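Report on the following structure.
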Amino acid sequence: MLPSQALLPAVVFTLTALQALASDTFIAAVYEHAVILPDPTEEPVSPNDALALMNKNMDILEGAIKEAAQKGAHIIVTPEDGIYGWQFTRESIYPYLEDIPDPVVNWIPCTDPSRFGPAPVQERLSCMARNNSIYVVANIGDKKPCDSSDPKCPSDGHYQYNTDVVFDPQGKLVARYHKYNLFRSETQFNYPKEPEAVTFETPFGKFGIFTCFDILFYEPAVVLVSKMQVDTVLFPTAWMNVLPFLTAVEFHSAWAMGMGVNLLSANTHNTSMAMTGSGLFMPEGPAAYHYDSATEEGRLLLAELSTHPRLSSTYPPAINWSLYATSIKKFPGENDTFSGAVRKDMFTFSELRHKAGNYTVCQGDLCCHLVYQMSNKRKDEVYVLGAFDGLHGSLIKYHWQVCTLLKCLSTDLSTCGQPVETAQTKMFEMFSLSGTFGTSYVFPEVLYSGVQLAPGEFKVLRDGRLKSKHGTSKPLITATLFGRLYEKDLPHPLRT
């Protein structure tokens, strides 16, 4: 007969599952973690030193997990690189890796830690989930041996993968995902041979998982939502904010809206690397989000989300993103255009010279249309309408179509497209932005001064127009429709 203490997690889990089944909502949490980093070195440290560093980070994560569970959370997501950091070589990261088995093995590391060899990190994460009766999502490193029978086997005899793991409230490993789209600096890891579409069922919906850079690509991101029909996506990330379109909270909120799913986004926090911005995002907009570029503190966020958002009465209708824009003739108005760079992408811009107007700007197959009304036209702030239709990226090239109403850095038009975080006045009484997109994958963004979102202050009509509801309550940085033409992406240069 098992002692009562051993039965407690199972009893709590059963009660939690029954509560979740009886509800149309669940409580989710994400933790933005200020990671304790190892000292930079090209030489591997000892396994004990590696574990000591990881335990320091897991001490902090465990505190956040306990707090989330005490506040009723059913699941918590922690960030990419949240246990050991970054700035590794292939050799120096090796002591931090563990062999992570396929979840079909039905394993609870907390109660059987040595079944697959030394696994102190998996054991501790499993115990955090089990002791707090909560799903725990974490990012760690997996190692897999190989030999000469595998023609792609690395010369050191093993593969190394950037890996997400999920433990259920009993501590069982229920999901393992190997990151498929590595960022350019992740040379310490191998690319998986095939993309993985990892899902698992819970009492509160069907979940999928991928990591950071993956969100910009068809596999696995679109596959999980469009083909696997997940309700919620778990998203550990180490996202470096890039204005004007790719700050974490801005793009991740837009992606959840464009794809029509919940997104649980947990970012690392490191201001020197421009890493901040986490949130719990719904198809209707953000439920909770956090952006802090001023301090070095972590942050726990919780929110109540729909278990099956597609069945919710507030679920947004299907959108034809090009319907309105392709139905009209080119707007009248001033069409003097100029080129400007957003990073290395050359946009076609047109300055908004009047308090009100109808504007059209075209590039390639994309025409962007804007109707707007300003409360006043300041002489010290300049806004433009911009269009971009082309490949983005220096090494890995993928196709964007972007329509944007954008504030310039200064009145010098050559600064249009440079990063801007602040604006001075609430100038726009209304705006309506649309484009002749060649894709159904379009993500609507509205960003206010100070990198703040605008929940409830804009809507997307079924004909593809992004419209303000009652003007702008704060100074506007950008209103953007961000489209992805996945079929026009170039072949990946590093995955062969």
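From the backbone N, Cα and C atoms, a Cβ is placed for every residue, glycine too.
Taking a C-beta cut-off of under 8 angstroms and a sequence separation of 6 or more, E80 (active site, proton acceptor) has the following same-chain neighbours: N139, N162, D164, T211, C212, P236, T237, A238, T268. The active site, proton acceptor annotation in TrEMBL covers E80.
Sequence-distant contacts of K179 (active site, proton donor), defined as residues of its own chain at least six apart whose C-beta falls under 8 angstroms from its C-beta, comprise Y161, N162, T163, D164, E186, F189, P192, F210, T211, C212, F213, D214. Sequence annotations record features per position, and here TrEMBL assigns active site, proton donor to K179.
Taking the Cβ of C212 (active site, nucleophile) as centre and 10 Å as the limit, one finds 26 other Cβ atoms among all the protein chains shown. Annotation comment: TrEMBL describes C212 as active site, nucleophile.
Residues or ranges marked as domain 'CN hydrolase' in TrEMBL: 31-307.
Taken from TrEMBL, the feature signal peptide applies to 1-22.
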